[in-house]
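As recorded in TrEMBL:
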| type | residues | note |
| --- | --- | --- |
| COMPBIAS | 24-36 | compositional bias 'Basic residues' |
| COMPBIAS | 37-48 | compositional bias 'Basic and acidic residues' |
| DOMAIN | 67-166 | domain 'PIN' |
| REGION | 19-48 | region 'Disordered' |
Amino acid sequence: MGKQKKARKYATMKRMLSLQDQRLKKKDRLKPKKKEKKDPSARKGREVPQHPSCLFFQYNTQLGPPYHILVDTNFINFSIKAKLHLVQSMMGCLYSKCIPCITDCVMAEIEKLGQKYRVALRITKDPRFERLPCTYKGTYADDCLVKRVTQHKCYIVATVDRDLKRRIRIEKIPGVPIIYISNYRYNIEQMPDDYGTPRF
């Protein structure tokens, strides 16, 4: 019988000695890692989010006239499209004095939009708008608004952005109402019963 042909193996690697092999010299060997023994007396700490003292169940005691309203970029743009006066329409919705607040992130976002949105930029520079310095390290305005609302519960968020609305509701930030635009006027969202499900 003839000699059987062996198929050549592709992508085979040369076998290498591990750095802990006994055949290597002591100075070339890798030192074994020492396992740290866990202290059985040390207890694992569990963080429980503390509810803010301003909330009495779902009722936010910090909300009251004059209302401070955090305004989002797209809310201003949609207000211009719907030909709504920002401050007057807010006062018509809430039947009280309103102070629209704008963060540095939102201002930067409007400035980045360029010449097309110069009307929005002129509206935000109105002296009735309160300018809030931004402590958030980043350029995304939605993150900045969410962080500010979680820290201070004294704001109402004015936005048309579905993602931002969902974030405020899903992250279960209690006691934060949302103002949105529908049928060419401002509406305020009812406070949810169980933080996630709206009541009717």
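Even glycines carry a Cβ here, placed using N, Cα and C.
Long-range neighbours of the compositional bias 'Basic residues' (24-36) within the same chain, counting only residues 6 or more positions beyond its ends whose Cβ lies under 8 Å from a Cβ of the stretch, are 17. Per-class residue totals from DSSP over the domain 'PIN' (67-166), listed helix then strand then coil: 54 helix, 18 strand, 28 coil.
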